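> According to Swiss-Prot, the protein has these features:
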BINDING   Asp126, Asp310, Asp364  Mn(2+) 2 binding site
BINDING   Asp126, Gly127  Mn(2+) 1 binding site
DOMAIN    77-373  domain 'PPM-type phosphatase'
REGION    50-69  region 'Disordered'
Amino acid sequence: MRETGATDEGHACEVVVAGGDGKAAAARRRRRLELRRLGLAAEDDAAAKRIRSVKDGSSSDDSSTEVVPRSWPACVSHGSVSVIGRRREMEDAVAIERTFMASTGDGAGAIRGGGEGEEDFFAVYDGHGGSRVAEACRKRMHVVLAEEVSLRRLRGQSASGGDVRWKEAMLASFARMDGEVVGSVAAAAPRVDGTEPSGFRTVGSTAVVAVVGRRRIVVANCGDSRAVLSRGGVALPLSTDHKPDRPDELERVEAAGGRVINWNGYRVLGVLATSRSIGDYYLKPFVSAEPEVRVVERTDKDEFLILASDGLWDVVSNEVACKIARNCLNGRAASMFPESVSGSSAADAAALLAELAVSRGSRDNISVVVVELRRLKSRAA
């Protein structure tokens, strides 16, 4: 369902909803009152009206949470939201591809031991200098990754090396994606007046990618977008932000001949506030496109996964973000305020997190993906 309306500031506000749990109107029901009732809102009455897009989807699996690993679905449900916030342009992009390995067409993408052929792909891309690179990643990254994984399987690599295979595939995928973006910059046609389109050289994007399978979760991060797993009520970060003042990143930038300058925050060459990204042709080799990859085995304590751009994480801690998502997914908000809050879907959780970020003063675009890994017990009550 697609709707277009007007926000409180007169800007166009586009809402896109994809149903799965019957929560198609989730984004429209989000208001400051909901956040205040959860005791987590700040005083910003316009916060909830800046939603640009919402997506929600789910599987039909409603089985008990007390299951063995082999019967876990890769993903019970998911929801996402992208909010333009106080920026003039939306530069973020979100990608969600259920059972994305099927995109290889011949089944070769299914990895032995890596989820028994069912892997879901989720990603948040935080663009800067424009949306060109983030959009390119949204369209291509999952395709490139499926190709890289399939290639490794066809080479006959051992199933026992699953973690290494995933890391290699992620590294190769990010390198290919960066190569495609940089190549498009180099091949860009000159303007009508004959000058070079130098603006393309200053466009880039962070990327946090999660592949969720039945047995493991693989996260690759390049930049300061972040992935956080809620495991047994504890917020477990699955990525580490690439900030220019991070000691190892500072050392890497300087070793490449660059400098980190404190200019309204630490920035590479005084320009970019992240030390790794895809694109940013003009800052290479100081800014790297190589991701850090983490592979974690799933447990029966895993509840949900949050991926988000720094528009959320700059103002909301990992712990608070997980608390809000948990309140939505376990149905607590709906049971307390059934007349105004549905509060039991991943889309509700993503929308509330984005609203909280705006109400707390985030000045960036905000994109959030919430992936429900199992039904929380109180939800069925």
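Note that the numbers count up from 1, one per residue, in the order the chain is shown.
A Cβ is built for glycine as well, from the same backbone N, Cα and C atoms used for every other residue.
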> What is the set of residues, excluding Asp126, Asp310, Asp364, whose C-beta falls within 8 angstroms of the centroid of the C-beta atoms at the Mn(2+) 2 site?
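Checked against the 8 Å cutoff, the neighbours are Asp92, Thr206, Asp224, Ser225, Ser309, Gly311, Leu312, Trp313, Asp314, Asn365, Ile366, Ser367.
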> How many Å separate the Cα atoms of Asp364 (Mn(2+) 2 binding site) and Gly127 (Mn(2+) 1 binding site)?
11
> Can you tell me the mean pLDDT for the domain 'PPM-type phosphatase' (77-373)?
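Here the predicted model's pLDDT, averaged over the domain 'PPM-type phosphatase' (77-373), is 87.
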> What does the structure give for the C-alpha distance between Asp310 (Mn(2+) 2 binding site) and Gly127 (Mn(2+) 1 binding site)? Integer Å is fine.
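If we compare the Cα positions of Asp310 (Mn(2+) 2 binding site) and Gly127 (Mn(2+) 1 binding site), the gap is 11 Å.
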